[in-house]
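This report concerns only the one structure given below.
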Amino acid sequence: MKRQRVVVKIGSSSLTDPKGGLCHDKLLDHVQAIAYMKQLGHDIILITSGAVAAGFGPLGYPTRPTTIAGKQAAAAVGQSLLMQAYSAQFAQFGFTAAQLLLTRSDFYSRERFRNLFATITTLLEHGAVPIINENDSVSVEELTFGDNDMLSALVAGFLHADALVLLTDINGLYDANPKTNPQAKKYAFLPEITSEMLASAGGSGSTVGTGGMRSKLLAAQKALSFGVSVFIGTGSGKEKLADILAGKGDGTYIGVPFPKQMQMRKQWIAYHAPVSGTITVDSGAEEALLDRGKSLLPAGVTAVSGDFHAMDVVNVINEKGVTIGRGQVYYAAADLKKVKGRPSEEARQYSYLHRPEVIHRDNWVTLRKERVKR
């Protein structure tokens, strides 16, 4: 097997005992599997839940707290306990654990986005195991990832991972709830995540976690959009991750083995950059962007809204008001209003670096699957 870069996400239910406390035997099982993959030469990035689950007991809570303040306090205590456990276990196999606590704002700035990539890449080059969790102690609702499933998908995307492995206590996706319906059929492989699957998926199945099968499907959908294949399932023993990559995992495989991956810059434009305005384009420009791989020119712009500057990211909508994509503009809003509908040679004097395009193809991301019908 060629060297692969794999993001592994471990949920709270796969780390805790029946009372909700941190289970060191379960943690050791995961560490053994990751260490084995490292010994085989693979790059492994771990996204771990469990900070709140590890911390609420020592704080005196009988069960997982439900208030934001309670969860953040438990995370403050539990994160250090969780990392102590991981560091001690990985040290037994000769590997160093590295902690990274992230918030959603770390992805908004392109500079911080690039720095995060450089940091994780350097850790991998030096043989360390990056262990990532959301910084639950300081995150506010507007700046959260939602859960670690989505965080793992975003990390897998910008690291250009070969696969995202979502380890859970259920061995894959079913057409019904296997806990209540013994006739439920498991999907061994799915080419994509459909809206029907999302609608039928339930919420969290655990009292110690925030995610459920729906959140895993949303994460899988996001990872697939980046060009990352996904596995959702379970396993035990040191070879479980190797088995998963070899196609022998106990779960569901989603997506093609080696899809085309989205460039890191385009990931930032599509999913992380703040959107500063909206540009409306005519049908000709829509077809050029979606069907012919062209840049957006001033002649195709019919309306401009928002107070954006050159090099900001904006949404692009068609004449029906449907978002077709997102891109980084070479014109400030005030200047684009002056030149919309005009030829590029007349308009370029108002653009950043006198570029003829409003949005160059390299700074464009299509967000709509449908193509223009001819």
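Glycine residues also receive a Cβ, built from the backbone N, Cα and C atoms like all the rest.
These numbers come from a predicted model, not from an experiment.
If you draw a 10 Å sphere around the CB of K9 (ATP binding site), it holds 29 other CB atoms from the protein chains shown. Residues or ranges marked as ATP binding site by Swiss-Prot: K9, T168, D169, T210, G211, G212, M213, R214, S215, K216.
According to its DSSP assignment, N148 (substrate binding site) is helical. The feature substrate binding site is assigned by Swiss-Prot to S49, D136, N148.
Helix, strand and coil content of the domain 'PUA' (276-354), in residues and according to DSSP, is 28 helix, 23 strand, 28 coil. Residues or ranges marked as domain 'PUA' by Swiss-Prot: 276-354.
In the three-state DSSP reading, D169 (ATP binding site) counts as coil. The average pLDDT computed over the domain 'PUA' (276-354) stands at 94. Of all Cβ atoms in the shown protein chains, 24 besides its own fall within 10 Å of the Cβ of M213 (ATP binding site). It is 15 Å from the Cα atom of D169 (ATP binding site) to that of N148 (substrate binding site).
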